[in-house]
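Dumping the structure here so I can ask a few things about it.
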Amino acid sequence: MGYKITAKENLSVIDFFMEVEAPHVARSWKPGQFLVLIVDEKGERVPMSVYYADEDTGRVGMFIRRHGVTTFKLWYEKQVGDELLSVAGPLGKPIEVKHYGNVVFAADAVCAQAECYATLKAMKEAGNYTIAIHSFETKDHVYPEKFLSKPVADEFYITTEDGSVGRKGHYLDVLKELIEQDKVDIVFAGGKLGSLKKLAELTRPYGIPTITTVRQIMVDGTGMCGSCRILYDGEVKFACRDGPMFDAHKVDWDDVIRRDSRFAEQQALARERYLAKLKEKGVI
Ligand SMILES: Cc1cc2nc3c(=O)[nH]c(=O)nc-3n(C[C@H](O)[C@H](O)[C@H](O)COP(=O)(O)OP(=O)(O)OC[C@H]3O[C@@H](n4cnc5c(N)ncnc54)[C@H](O)[C@@H]3O)c2cc1C
Ligand code: FES
């Protein structure tokens, strides 16, 4: 049996929303965990973060970036009512949801925009004061407000690099101010590796617990390929099996950044070939 697509909507010039029926994931998923989808028989395993998991309907929501062959296929060739070959999960370890006080989630990439809502919803239900910071490049990248974390955030910020929506700058700028106002008890974050490294440097001197995803170096997401090994507090850990959320102060960020984008060249080639085929067929 396939996994039916139940909703799909564009979010920005580059990202879109998709909802699929995957009752086994919806039933047992917890914040911090991810799923792995396969589009069709020829498809690669592609890990995705979860925006929401609805136990009652058995559906899960995702934010997806049009990036390579798989995600272009999802956007151009898969419509509501079509099925995906596989949606496996939940995978990875959940974060600890409990009362911390003031909880920030900071996001500057597609997967983290999804995790922001999911995490803060759970943290608010656990009695925390929740602060969402969504960072985007420009107004063309900002999602419609109904897809952001406002309903689950006591404080809500959007930043853009050029100031075309919300505050000019990045989540690091907003966070610095919040820290100076003594408003931050713990930070969760995900997104660009360079930002996560800077985030760890920002919060370390204040001793603020900082839990972030390490995902870019994963391939199969099951602990089998060994691709996602990271140096963590002097030990080797697997991002997919031991994470994907880690204490950012213990991650060797330079090592992770060095190993990021190993397959970028092959992926770009495959993407160009796939787009050329779509053009030939008149799909785009
Ligand atoms: C935990 C986790 C959560 C994520 N959450 C999201 C999310 O919410 N939204 C989102 O858009 N993205 C997310 N990603 C990123 C997403 O899984 C990848 O960017 C994925 O590759 C996107 O699909 P694509 O079309 O670029 O893939 P493709 O180019 O089709 O590649 C598919 C997969 O094959 C691997 N691959 C490609 N070429 C090679 C090769 N030559 N050798 C070995 N492996 C190869 C890639 O690493 C990738 O995993 C997440 C990743 C992880 C690990
Ligand atoms: S992604 Fe393959 S072992 Fe973790």
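Every residue gets a Cβ built from N, Cα and C, even glycine.
Grabbed the feature section from TrEMBL, which reads as follows:
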BINDING   Cys225, Cys228, Cys240  [2Fe-2S] cluster binding site
DOMAIN    1-97  domain 'FAD-binding FR-type'
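Show me how these features fit into the shown structure, please.
Cys240 ([2Fe-2S] cluster binding site) carries a helical DSSP state (H, G or I). Long-range neighbours of Cys240 ([2Fe-2S] cluster binding site) (same chain, six or more residues apart, CB within less than 8 Å of its CB): Pro47, Leu91, Gly92, Met218, Asp220, Gly221, Thr222, Gly223, Cys228.
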Comparing the binding-site residues Cys225, Cys228, which residue's C-beta has the most other C-beta atoms within 10 angstroms in this structure?
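Buried the deepest by this measure is Cys228.
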Determine, for the [2Fe-2S] cluster site, the additional residues of the same chain whose CB lies within 8 Å of the mean position of the CB atoms of Cys225, Cys228, Cys240; present them in sequence order.
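These residues sit around the [2Fe-2S] cluster site: Ile217, Met218, Val219, Asp220, Gly221, Thr222, Gly223, Met224, Gly226, Ser227, Arg229, Phe238, Ala239, Arg241.
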How does the model score the domain 'FAD-binding FR-type' (1-97) in terms of mean pLDDT?
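Across the domain 'FAD-binding FR-type' (1-97), the average pLDDT comes out at 95.
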Under the DSSP assignment, what numbers of helix, strand and coil residues are found in the domain 'FAD-binding FR-type' (1-97)?
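Final tally across the stretch: 14 helix, 42 strand, 41 coil.
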